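Pulled from TrEMBL, these are the features on record:
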| type | residues | note |
| --- | --- | --- |
| BINDING | Gln134, Cys135, Gln136, Pro270, Tyr271, Gly272, Gly273, Met274, Glu275, Arg570, Met571, Lys572 | peptide binding site |
| BINDING | His299, His303, Glu322 | Zn(2+) binding site |
| ACT_SITE | Glu300 | active site, proton acceptor |
| ACT_SITE | Tyr387 | active site, proton donor |
| DOMAIN | 468-612 | domain 'Peptidase M1 leukotriene A4 hydrolase/aminopeptidase C-terminal' |
Amino acid sequence: MAPAKDPNTLSNHLEFSTTHTAISLTLSFSKSSLYGEVELTLKTLADDLKQVVLDTSFLDIKVVAVNGKGAKWTVGDRVEPYGSPLRVDLEKAVNSGDEVIVKVTWGTTEKCTALQWMTPEQTSNKRHPYMFSQCQAIHARSLYPCQDTPSIKSTFDFSIRSPLPVCASGLPTGVRHFVPATSPSEPGTLVYTFRQPIPIPSYLMAIASGDIANAAVGPRSLVYAGPEELLRCKRELEDDVETFIKTAESLIYAYEWTTYNVLILPPSFPYGGMENPCITFATPTIISGDKSNVDVIAHELSHSWSGNLVSNASWEHFWLNEGWTTYIERRIQGKVHGDKHFHFSAIIGWKAFKESVELFGADHEFTKLVIDLKGKDPDDAFSSIPYEKGFNFLYYLDRLIGREKWDTFIPHYFSSYRRKSLTSFDFKDTLLSFFSKDVEASSVLANVDWDTWFYKPGLPEKPDFDTTLADACYALAGSWQALNSSNSSFKPSPSDISGWTSGQIVVFLERITDFPTPLRKHLIELMRDEYGFLKSENAEILSRFLTVGLKAKDEKLYRKTAEVLGRWGRMKFVRPLYRLLNECDRKLALETFEKNKGFYHPICRGVVMKDLGIS
Ligand code: BES
Ligand code: ZN
């Protein structure tokens, strides 16, 4: 089958394919922008082609050269939400197999959606500025001109000039002095270089620079963080990272990216984690002091296979990235902590899945596994659905075929598409052909209703998860429910939850949130006093407790919510809290957003504005 057009790129990716990207840039903290040169080596895929089209979004394009000679180019009108096509004319038509080198001199602008620039005052030690990127899904084009589609993969050379230490999604190859030619020396004298020898899509290009130190957390792993936070971060991660890597290797095959490092970002990082190759970017909210949030690391690490080596060919098949990753993450948890934990995590996931389906509406396009994104913004489709519907589909296949046989398919799948991108249809073909000679497996696979799994909106049938770890949480929530309907002698005390994991507290609080009548206010106070949730440093717990309070319209928690909304910028916490605060006290929600909008990453700022109806 001919490769399909990715609807979320304006580039002519079916005609040219980037094989190597050499990017050389300078960070200017004083201007909150970066500028430099990017050289794309393109392979021609068809005959008689006269133009290369690249994605750009709010970039300042200065010069374009083709094969070393100045070229004619134009930046087309902006098409929301995809940006402006950069059309580069070729002097002479090229044919299949020809190599074309396009070099662009460019800079970012203040409208760049991929970068957050922070002043020293916005950082924890307030001494130095900071910048970081977040390119997934389609923000790489606001950072540099490229074929911004996950169907195209290229090796990378980075060369980044900054006054402060730099991290990037490659292997460090050194640091050299900047030799000033004509440009001013303001941005610093060191140039940090990196190489990514494994071809990666544009969305995995990542950079960060700031007052960053590092420490070892495993034989092939470092954690990078601010010097004041470094040792706390090291303690949080050092026991688990290598265990996770080895466990994933036993399930799939050897880790290929040489290093698996983690950069702990400032609190405005909009996601829990981002699987940038060689160096996961992560929110500081995972550093809770009790290792209770390291599942995020198991998740991002799993992307080293699902997503980074084997990528979805377009965002319409995003479940291949996130569903597979969620599945592998839970298999790791199961192997490391016991099967009960696989199921417990799946139970938490199912709840998020159900809520996302309710939020979109059960017939909505974005509740399908394979979605139509023509003309749409992939950020608008983002939810738990690709994670959990994808996980449930794979877990269904796992049970259908049987764990032992299914586990032989996992390395086969990841070998077949290693360093490639694929669609859901490729996945189906590969699964069916792998088991074609196994009469028993093919006969059960013949029963799979592929169209229903791919295209039916809403929830599939709920599997029977093992509720061992969840039962205690449900029982305690039941006692509170009885108390809420005032027919109970239950006396809450701190011992109710002693020895609980933070995951169990989350399940308990989410159950409370689901009560048909909100928890009465004096009971919220009692819960606060007995269980200490309001003092929790763990964002997973504190945000859920505030949710219980806001659902009950407890005014006493509005101010606290507003305060917390200035503490983290992780969208998973910020978006639901804004939505609820908006229902309780719109004025306070708007004021809080106004006060903190400079603190949020542009992606977070954008979605919260949409959620609050102020865009
Ligand atoms: N790749 C995602 C984050 C992402 C998705 C960024 C889509 C931009 C667009 C990452 O792997 C992820 O899923 N993070 C989760 C962690 C969790 C599921 C353990 C998050 O941020 O909460
Ligand atoms: Zn993920």
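Cβ coordinates are placed from backbone N, Cα and C, and glycine is handled just like the others.
Annotated features, which come from TrEMBL, shown on the structure.
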residue	record	CB count, 10 Å
Gln134	peptide binding site	26
Gln136	peptide binding site	25
Tyr271	peptide binding site	22
Glu275	peptide binding site	25
His299	Zn(2+) binding site	24
Glu300	active site, proton acceptor	27
His303	Zn(2+) binding site	25
Glu322	Zn(2+) binding site	23
Tyr387	active site, proton donor	25
Met571	peptide binding site	23
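Sequence-distant contacts (6 or more apart, same chain, Cβ under 8 Å) of Gly273 (peptide binding site) comprise Thr280, Phe281, Ala282, Thr283, Ile286, Val296, Ile297, His299, Glu300. Taken over all pairs of the listed peptide-binding residues (Gln134, Cys135, Gln136, Pro270, Tyr271, Gly272, Gly273, Met274, Glu275, Arg570, Met571, Lys572), the Cα spread reaches a maximum of 17 Å, rounded to the nearest whole number.
The Zn(2+) site, placed at the center of the C-beta atoms of His299, His303, Glu322, has further neighbours from the same chain whose C-beta lies within 8 angstroms: Gly273, Glu275, Glu300, Ser302, Ser306, Gly307, Asn321, Trp324, Thr325, Thr326, Glu329, Tyr387. Filtering Gln134, Gln136, Glu322, Met571 by Cβ distance to ligand 2 (under 6 A) retains the following binding-site residues: Glu322. Residues of the domain 'Peptidase M1 leukotriene A4 hydrolase/aminopeptidase C-terminal' (468-612) grouped by DSSP class, helix first, strand second and coil last, total 106 helix, 0 strand, 39 coil.
Ligand 1 lies under 6 Å from the Cβ of the following binding-site residues, listed in sequence order from Gln134, Gly273, Met571: Gly273. The distance from the Cα of Tyr387 (active site, proton donor) to the Cα of Glu322 (Zn(2+) binding site) comes to 5 Å.
Confidence over the domain 'Peptidase M1 leukotriene A4 hydrolase/aminopeptidase C-terminal' (468-612), given as mean pLDDT on the 0 to 100 scale, stands at 96. When the alpha carbons of Glu322 (Zn(2+) binding site) and Glu275 (peptide binding site) are compared, the span between them is 11 angstrom. For the pair formed by Tyr271 (peptide binding site) and His303 (Zn(2+) binding site), distance between Cα atoms is given as 15 Å, rounded to the nearest Å.
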